[in-house]
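Peer 1: Features from TrEMBL:
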{"type": "TRANSMEM", "residues": "276-299", "note": "transmembrane segment"}
{"type": "TRANSMEM", "residues": "354-374", "note": "transmembrane segment"}
{"type": "DOMAIN", "residues": "623-788", "note": "domain 'SSD'"}
{"type": "TRANSMEM", "residues": "624-645", "note": "transmembrane segment"}
{"type": "TRANSMEM", "residues": "657-681", "note": "transmembrane segment"}
{"type": "TRANSMEM", "residues": "687-709", "note": "transmembrane segment"}
{"type": "TRANSMEM", "residues": "730-751", "note": "transmembrane segment"}
{"type": "TRANSMEM", "residues": "763-788", "note": "transmembrane segment"}
{"type": "TRANSMEM", "residues": "1099-1119", "note": "transmembrane segment"}
{"type": "TRANSMEM", "residues": "1126-1145", "note": "transmembrane segment"}
{"type": "TRANSMEM", "residues": "1151-1169", "note": "transmembrane segment"}
{"type": "TRANSMEM", "residues": "1190-1216", "note": "transmembrane segment"}
{"type": "TRANSMEM", "residues": "1228-1251", "note": "transmembrane segment"}
Amino acid sequence: SLWVFLLYSYTVSFLNNLGHFFLKTVHGQHCIWYGECGNSTKIPEKKLNCNYTGPPIPLPDQEGQDLLKVREPLVCCSRHFIVVCCDTQQLKTLKNNIQIPLQFLGRCPACFFNFMTLFCELTCSPRQSDFINSTDFSAFNKSTTNVYSVTYYISLTFANAMYNACSDVQAPSTNVKALSTLCGREASQCTPTNWIQYMFDINNGQVPFAINPNFTDVPIGGMTPMNNETFNCTQSLDDGSGPCSCQDCSAACGPTPVVPPVPPPWTILGLDAMTVIMWCSYIAFLMIFLGAVLGAWCYRMVTSEYGPILDSNQSHSINSDGDATCCETLGERFENCLRVLFSSWGSMCVRHPLTVILTSVVLVSICSAGLTYMRITTSPVELWSSPSSRARQEKDYFDQHFGPFFRTEQLIITTPVNASFIFSPTSGGPDIHFSSILNITLLHQVLDLQTEITNLTAEYKGETVTLKDICLSPLAPYNDNCTILSVLNYYQNSHEILDREIADEFLVYFDYHTHFMYCVSSPTALDDTSPMHEACMGTFGGPVFPWLALGGYEGTAYNNATALVITFPVNNYLNDTEKLGKALAWEKVFIDFVKNYDNPNLTISFSAERSIEDEIDRESNSDVTTIVISYVIMFVYISLALGHINSFRTVLVDSKISLGIAGILIVLSSVACSLGIFSYIGIPLTLIVIEVIPFLVLAVGVDNIFIIVQTYQRDERMPEEELHQQIGRILGEVAPSMFLSSFSETVAFFLGALSSMPAVRTFSLFAGLAVFIDFLLQISCFVSLLGLDIKRQEANRPDILCCVKLSEGQQGKSEGCLFRFFKKIYAPFILKDWVRPLVVAVFVGMLSFSIAVVNKVEIGLDQKLSMPDDSYMLDYFGNLSEYLHTGAPVYFVVEDGHDYKTIEGQNAVCGGVGCNNNSLVQQIYTASLLTNYTKISNVPSSWLDDYFDWVKPQSSCCRYYNYTGAFCNASVVDKTCVHCRHMTTTGKQRPNGTEFMHFLPWFLSDIPNIKCGKGGHAAYSTAVDLIENNTDVGATYFMSYHSILKTSSDFIDALKMARELTDNITQAIGPQNKTYSVFPYSVFYVFYEQYLTIIYDTAFNLGVSLVAIFVVSTVLLGFELWSAVLVSFTIAMILVNMFGVMWLWDISLNAVSLVNLVMCCGISVEFCSHIVRAFSVSTKSSRVDRAEEALAHMGSSVFSGITLTKFGGILILALSKSQIFQIFYFRMYLSIVLLGAAHGLIFLPVLLSYAGKPQYLF
């Protein structure tokens, strides 16, 4: 029937379809190989697979089944495999071959699963014939052939998925991505296709036969591309493995962190706000002030009397009753007491000159004897960093736990030769431009230079010192080659390898160009995959990263580098002076050699670890002549200017050269006493103390000398008054003013010693004591000498030749020219009614300008400025900024106390699977994504993450001898070596507790090799401080790099951001109720930490000094509070104006300039206090008259004693070879003297004429 016919038809059709399906399935389970046969001709130690076209078969033994189904990393191969196309030996070979990828990619389970799928399908898939086609064979024996070449059809979708899951995986020990090691090029240049092509390249030194990948998403020629299931890095695997960490999978990180916006500049109407505010304030002040002056002038015209503002000529106080207050009465009594005390003291010194002088000499000699214990600190660390500062304590902590940071000897080599050329690869691809410095002829010359340096020898205490005795050898004692970071290490520092090439009579196929291009892309490679099979790793066993050995290129175009950088790291020593001495001796020979090296084709800038300190010492010695000339000019001026020549006939008698020399010796004696006393105590000197304090004390001391001598010269001896009484009376008049200035400066300096900056603190201590001793010697020894000199003059004996007595001549006194100028011309002019408002307007304008720019003064000290003009270090610093492409290493130190043996403690630090999102490693990684903001350029090297990879049971790294229990390196072939941990659920987890500590010392001593690249000896031998007999972990560090830092602000920002980062890390790892923390350390932190608080330190030091001056002035001016306010206000104006000068003259704010500002505070007292005190004791009736008298009498002494004395000496400093002298001494000293003189001799008298305290008559 029809129904039966239809049923039959459907049955036949079904059976046919079933048959086709069966046949297709049988065809799909067809192998292309099975088992291993002959050896590879390319890599003889590796086997080729046997040609086999039969069906897949089950594994024949339990070992193979365990490898496939139980033991990772091959367990992923068993997901769909019941029968396979590989035997047990092939599985063993696969397991051995994927050890390095396992160690690098195993951090990300999804990545490694996809990676293993690629190789499992290739090796064992029962469907091999679907996507693998054998294309070439070689004979093994009569019945068997080897598979010598295959084409592997891979889905482009699969390749992309595998690459995407692995592209972010990090290699912690090298601070780079894992693909940089596994892709044969830099990770940024790696793509899905060229990665797989590199792994299957027969020339990569690992593949025994050709595997040609063909990428397609559609079937080609009957071949269906392999497109197995993949996992992305954010997915968990079926075996329970979690998603990859953020560090290894950017997709797991969430939104990319955003750099905080830079605060916009403070503006008003588009202009700088401070400028606008100060302009408006200045204009408002001028309007009010000039209005008041004009109103007073109108009032005077009407009343013919001065108003209150211009000060009336009334003889009484503005108080109607004329009664003085209690403070004024007390002040008058205090003034009388000082006058009587100093008068009596001066009289005694003149009456007993020899006793006073001898006593002074003895005391000075005793104090100065302390100079035999003098120590001069030239160490930059001791000079700029306080032992109690955070950076110094962190440096000491780092040095004690990990050893000091290595010493660095570095060359930066360029060439004037135009030898650039174009290289055309024979393998195809675009032409490559090579810069001149990479010309092979020049490379040979550089290698000769490098070899000569490595062969240098030095002598130290009769011993010969070579570079090998002191150099850094990370793999010692197994490999004692010195670390040399140089592109020549790509060629194993060998001329033969540099010249090696593979060529025929027509073309060069492989040579130093191809090797260079390969090594800069994959510096960790042990084989360049060319027929030359040369390694890129250096002879010392580590990689030479191109950004450390090349300079002057853009992006990653290393072939365009215009400079070679050669670095010789040398061991540093904390407390071993013998070994440190050897290093210093070799460095000296290194410096001398490079200085004298001559090659017209090479331009070399260089530096050794000792270079900066050596150049600072040389700078100080070279400037001795300049300083001596400067002081000689000041000494000659003082000796000549003290004398008051009445006539040419009496010039020899009136001269006071000997008294001037005596005064200078007193000044120098006070400095020697100060240095000696503190040397007794054990406080070391600094170069700043030696260079600045004599200048300061000379300014203070000479001013007082001029005041005493010139006051006597203008004084007439009263009837019946003897010489000792006259000098006593004169001293009673001027000594309170001298005491006011000296004591104010002493207190201000001693309070300045509260500063945390060593340079400022030391200067303040020495300066304060020197100024006070100088005052004591002046009112005792100098007064006695003055009495003797006056007796000589009165006896008509010539100066110096005092034993000769000249014929009697008429003795008379006349006013000096300078005094007459001040009294008759200058003082009346400055205090004219129309001049005073102009003076106020100009000085307030200067003040307004300075306030407007005070926040614009740069902070920091360019290291170039610390070098002499002719220093070789200037070229080095310039090239350092121009050519280098990476910053200094930065270490993130976890102090002793963190528990690494617990899962919680591990998760708080590590960066792999299961680690906290805010762990230490993860936070540093996130910071490295914002390089321009955080100044962190690389992901950190993490010993903890590498240790976890090293100890995995799937890895061949952690093994031990079964019988002895001793560690067995992965390169050892011994059947008694067994894995540290079993392939169990527990074994695959991280080690913790005692197990964590049991294997850690092995990891830290393991030398990395081709079987295990995770050995920690090279990268981490000093990164972990094992304590308590290796039973616990103490302090550890995680290293990264700063970005390129060129200016002081870059270094300051880097330190600031690193500390902010570690503060966040400390808070995140949660050391609750614990004393440890995380801190950053880099070699430059101790020098730049001062700039984090320099603004506060400046405000504190200058503020304390002003307060001290105010308090002392209040007391010593007879409790005249208002006069002390005027002194302090004028000094504050000088300081603010100094900041204006610093901005105009490009003088940055740092410890040197802060010392000068503190000194400015002290010298300004000399310019101001004498004028104010003379004003306060004047008996003139009006403010204008009192100001004029004070300016006339004290102005000439101040002008001749400080201004003229210093001016000549300062001008000589401009000739100094030292840039630091030219900028921070010549420019600042000149500014201090000119601003001090201008304010003390122009502005202050005008201010007193307007706002000085009125005179009271009792």
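In case you wondered, yes, glycine gets a Cβ from its N, Cα and C as well.
TrEMBL entries are annotated by machine, without manual review.
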Peer 1: What else in the chain is close to the transmembrane segment (763-788), if you only count residues 6 or more beyond its ends and a Cβ gap under 8 Å?
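Peer 2: Long-range Cβ neighbours of the transmembrane segment (763-788): 342, 345-346, 349-350, 352-354, 356-357, 360, 364, 367, 659, 662-663, 666-667, 669-671, 673-675, 677-678, 683, 685-686, 688-689, 692-693, 696-697, 700-701, 704-705, 708-709, 712, 723-724, 727, 731, 735, 738-739, 742-743, 745-753, 755, 1101, 1155, 1158-1159, 1162.
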Peer 1: Is it true that the transmembrane segment (1228-1251) and the transmembrane segment (1126-1145) have 3 or more CB pairs under 8 Å, sequence gap of 6 or more?
Peer 2: yes
Peer 1: Counting Cβ pairs under 8 Å to the transmembrane segment (354-374), which of 657-681, 1099-1119, 1151-1169 comes out on top?
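Peer 2: Of the candidates 657-681, 1099-1119, 1151-1169, 657-681 scores highest.
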Peer 1: Mind checking which residues reach the transmembrane segment (687-709)? Cβ under 8 Å, same chain, six or more beyond either end.
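Peer 2: Hits for the transmembrane segment (687-709): 376, 378, 383, 616, 620, 627, 631, 634, 638, 641-642, 656, 659-660, 663-664, 666-668, 670-671, 674-675, 730-731, 734, 737-738, 741-742, 745, 759, 762-763, 766-767, 770-771, 774-775, 778, 782-783, 786, 1152, 1155-1156, 1159, 1162-1163, 1166, 1170, 1194, 1197-1198, 1200-1202, 1205-1206, 1209, 1225, 1229.
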Peer 1: Can you find at least 3 Cβ pairs under 8 Å between the transmembrane segment (1126-1145) and the transmembrane segment (730-751), where each pair is 6 or more residues apart in sequence?
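Peer 2: Judged by the Cβ rule, the two regions do not touch, with the required three close pairs absent.
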Peer 1: If we skip the immediate neighbours and take only residues 6+ beyond the ends of the transmembrane segment (1151-1169), which ones have a Cβ under 8 Å from one of its Cβ atoms?
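Peer 2: Answer is 384, 688, 692, 695-696, 699-700, 703, 737, 740-741, 744-745, 748-749, 752, 757, 759-760, 763-764, 767, 771, 861, 1090, 1094, 1097-1098, 1101-1102, 1105-1106, 1109, 1113, 1127, 1130-1131, 1134-1135, 1138, 1142, 1198, 1201-1202, 1220, 1224-1225, 1228-1229, 1232-1233, 1236-1237, 1239-1241, 1244.
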